[in-house]
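Record features, source Swiss-Prot:
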- G2: N-myristoyl glycine (LIPID)
- S6: phosphoserine (MOD_RES)
- M20: site 'Might play a role in AP-1 recruitment to the Nef-MHC-I complex' (SITE)
- 67-71: region 'Acidic' (REGION)
- 75-84: region 'SH3-binding' (REGION)
- 78-81: motif 'PxxP' (MOTIF)
- 114-130: region 'Mediates dimerization, Nef-PTE1 interaction' (REGION)
- 154-186: region 'Binding to ATP6V1H' (REGION)
Amino acid sequence: MGKIWSKSSLVGWPEIRERMRRQTQEPAVEPAVGAGAASQDLANRGAITIRNTRDNNESIAWLEAQEEEEEVGFPVRPQVPLRPITYKQAFDLSFFLKDKGGLEGLVWSRKRQDILDLWMYHTQGILPDWHNYTPGPGIRYPVTFGWCFKLVPLSAEEVEEANEGDNNALLHPICQHGADDDHKEVLVWRFDSSLARRHVARELHPEFYKNC
């Protein structure tokens with residue numbers, strides 16, 4: 001019986017032991033200021049605990065509801081380990097979307113934000129509680145520091161001009177006249193590099209950051 005663990009049984013163990021040693025030495029991830037409760041939980045405890053469930057956390061409830069949806073075109077479950085968003089990740093994502101195009105000037109809708117959030121969750125393991133904005137009316141600033149896109153309302157003239165022509169689909173967000181917004185404003189994403197240096201949301205709403 002004592003010979004069950006022979007030398008041949010230990011093949012590969014030194015490599016596994018080294019991986020285990022490195023794992024225990026990995027520094028804790030510091031979430032970006034403004035990341036939500038589930039992300040804070042993940043950063044502080046290494047997992048999402050019963051402090052954040054579908055019954056008491058909107059992001060968790062929303063994610064569980066999305067797992068049954070197939071309209072976004074990719075799997076909802078993440079392909080990488082869950083992790084809280086950091087300042088650098090929010091910053092890098094902002095410039096990636098700016099450089100690659102597509103988000104700047106795009107009319108905001110809840111569905112479009114959901115698609116972006118699900119893409120981040122699926123490809124990066126980032127929980128969607130990073131993607132929040134200050135309340136309106138007017139410009140909505142990102143709650144998470146490092147995210148450099150704000151939501152800017154269009155004027156009535158801009159909305160009217162954008163609606164001209166016969167090619168606009170009736171269900172396009174610009175034609176919905178702010179149906180997804182509490183203040184019925186038509187909002188567009190605008191890149192603002194100064195948001196990487198100045199946390200406007202925290203200046204305007206310090207009460208949002210009491211637990212950060």
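Backbone N, Cα and C atoms are what each Cβ position is placed from, and that goes for glycine too.
As a summary of secondary structure, the region 'Mediates dimerization, Nef-PTE1 interaction' (114-130) carries 14 helix, 1 strand, 2 coil according to DSSP.
Note on the region 'Acidic' (67-71): its mean pLDDT in the predicted model is 60. Non-local neighbours of the region 'Mediates dimerization, Nef-PTE1 interaction' (114-130) in the same chain are 32, 34-39, 42, 57-59, 62-63, 66, 72, 74-85, 89-90, 93, 103, 144, 147; each lies 6+ residues outside the stretch with a CB under 8 Å from one of its CB atoms.
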